[in-house]
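Per TrEMBL, the features are:
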COMPBIAS  24-36  compositional bias 'Basic and acidic residues'
COMPBIAS  561-579  compositional bias 'Basic and acidic residues'
DOMAIN    80-546  domain 'Major facilitator superfamily (MFS) profile'
REGION    1-36  region 'Disordered'
REGION    561-587  region 'Disordered'
TRANSMEM  114-134  transmembrane segment
TRANSMEM  146-167  transmembrane segment
TRANSMEM  203-221  transmembrane segment
TRANSMEM  233-251  transmembrane segment
TRANSMEM  271-289  transmembrane segment
TRANSMEM  301-323  transmembrane segment
TRANSMEM  344-367  transmembrane segment
TRANSMEM  379-400  transmembrane segment
TRANSMEM  409-430  transmembrane segment
TRANSMEM  442-467  transmembrane segment
TRANSMEM  479-502  transmembrane segment
TRANSMEM  522-544  transmembrane segment
Amino acid sequence: MDDQRETEDQQPRPQSPSPAENPNAHEQRTDRDNQQVRFEELPKLGDNSVVINVENGNIPVSRGPPAPQRELPFKGFMYLCLGVGFGLFLSMLDTTIVATSLYEIGLEFDKMDAVNWVALAYTLAYVGCVILFAKVSDVVGRKTAFLAAYALFVFFSIGCAGAQTFTQLVVCRAFQGVGASGLYGLAIIILTEVTPRRWKHSIGPLIGVILAAAGVLGPILGGALTEKLGWRWIFWINIFGLAAGIIFWFAWPQPEYLPAYQRRSLWECDLVGTLFLTAGSVLITYAFQSVRETSGWNNRLFIAPLTAGFGCLIILLFWPLIVDKTTLRDKTTTVIPVVLLKNHVYVLVAVSTGLLGFGYIMTLYVFPLQFRIVNGYSALEASLLLLPMLVCAALGSMLAPMLSIKRNVLSWTIAAGGLFTTLGTALSAANAASSHRFGTTLYAAYVGLVGLGFGLSAAAATALAVAETPIYVSATAQGLVALLRVWGGSIGIAVSGAVLGTTQGPSSTPLSADHYTKALKTSMIIASSMAALGTICAFCAVRGKRPTLAEMMRKREFEEARRQAELARKREAERREQQEPSSTLPV
């Protein structure tokens, strides 16, 4: 057998086809021990071998352990989708479910001036940890990280339901947001990694449907539970996450159904970048929220955290460039990869997403209070009045991928969504007449435009984040887009509170219906301005004719094959180094 193997090794290998003859041909040279290595042919997905040539001797290299990824059977994939998808649904649901319950929460704890922190604690924790959770999963594994996220989310949901003070509620909401960040970020990664090849084209729309359903049901379910059972039940229902977590536990695939990915140490998770990201987002949001409590823009509680927050974000943007130029490059995976910062299309779309999220989430939180206080509606009635916006958002999120089936018009779709959002918020501001009840008929049309614009832009931005970025940073690119969308909305909530505080004047002055109506008009003017800036960014991201999404999917499959081959080569090289005896003999 050994003689036969040596004979096979000595036989000349056929010349590899040129790139023009074979689009899967790829050449990569590395200097290692003064030898030049060339990949002759990248394997297709599912291949079990990688053939390389070494100029100073032919060495056949097999892929080696672990075995190549097999496709999940349909039944196992459905159970896994149920466990993962329900976690994704809950994480998005709790972003908006409190929108129609803030009024009752503020009354019970006598904290109407600070009640926005119930929403902000959740969203800011989400922003600070969504990327970190994804990186920690590279250390402890996807399954362990996702189960930890489930445990955090459910446990602190119970804490929110049983909170006896406002401080307890805010703290529990913050830790609930940490768990939600893992449920959201890891759900997208897991579904992308384990989905069988024949269903990969369906996973994006599936995620969009889950997020759209959560967005629609959140405020309506919150209003119904608050009116019929009390606001604490909006947190008690998250106990169903225990059942979903158990399903996920048992549905987790065996190793042969999982892709190979590089395990990392905890020190490679870029704790420095995470610290600056969290500090910057929290400080800037806190600065605007403090204006409502101090009723002044010149107060040091506004200027100091705002300045410090922007300083943290500037450092965050330069930190990846610093790491890339130092020896830390091979030891740290930064929160924002350098390759994303150098992609101007992605950067423009990400900024546009944050600016458009500002107006959408602000609208989602401002109008329920307007309907409760000015119009005198119940929690359920106020939530139902959000239905036009939520339904249009769901329709937009489903329509956006369909527009780019034959031709890639993702950037144009984002720009169109920005125009709808700008128009809807501007008309809402114009319709907010002082001392009169906000016209519900016109409102339905105006906020419907806001919802449609948000749905189009959000779905198209997520698809573009996948299509325009390398596969090894695809999950991070999607996470950053979602992060900016939620953070933009967090600032929108804080700004609306600041506007209400400055409209009120001294804190001793009681708030009236006129105060809320005037603040609503100002908030919508600001939202329309932010949406207009987001639309401009989207138009700047428009380029010439782009490959279709199907072509980009094939490109991603090729990149995945190349990545798998590279990981296999590294594992084989490490195995050979460990097995080779030392060349020096003891004296």
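Glycine too: its Cβ is placed from the backbone N, Cα and C atoms.
Given the structure is predicted, the values throughout are model-derived calculations rather than measurements.
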Q) Under a criterion of three or more Cβ pairs within a distance under 8 Å and sequence separation of at least 6, are the transmembrane segment (146-167) and the transmembrane segment (233-251) in contact? A) yes
Relative to the transmembrane segment (271-289), the stretch among 114-134, 233-251, 344-367, 442-467 with the most Cβ pairs under 8 Å is 114-134
> Under 8 Å, at least 3 Cβ pairs, sequence separation 6 or more: does that hold for the transmembrane segment (344-367) versus the transmembrane segment (301-323)?
Replying inline: no
So, do the transmembrane segment (114-134) and the transmembrane segment (409-430) meet, by the test of 3 or more Cβ pairs under 8 Å (sequence gap 6 or more)?
-> no
Same-chain residues at least 6 beyond the ends of the transmembrane segment (442-467) with CB under 8 Å of its CB atoms are 204, 207-208, 211-212, 345-346, 349-350, 352-353, 356-357, 359-360, 363, 367, 385-386, 388-401, 403-404, 408, 410-411, 413-414, 416-425, 427-428, 431, 474, 477-478, 480-482, 485, 531, 534, 538, 549, 552, 556
Sequence-distant residues near the transmembrane segment (409-430) by C-beta distance (under 8 Å, 6 or more away from its ends) are 345, 349, 352-353, 356, 359-360, 363, 396, 400, 403, 442-443, 445-461, 463-464, 467, 521-522, 524-525, 527-528, 531-532, 534-535, 538-539, 541-543, 546
In the same chain, residues at least 6 away from the ends of the transmembrane segment (522-544) whose Cβ sits under 8 Å of its Cβ atoms read 344-345, 348-349, 351-356, 358-359, 362-363, 366, 411-412, 414-415, 417-419, 421-422, 425-426, 428-429, 432, 453, 457, 488, 492, 495-496, 499, 503
DSSP puts the residues of the compositional bias 'Basic and acidic residues' (561-579) at 19 helix, 0 strand, 0 coil
Across the domain 'Major facilitator superfamily (MFS) profile' (80-546) the predicted model averages a pLDDT of 84
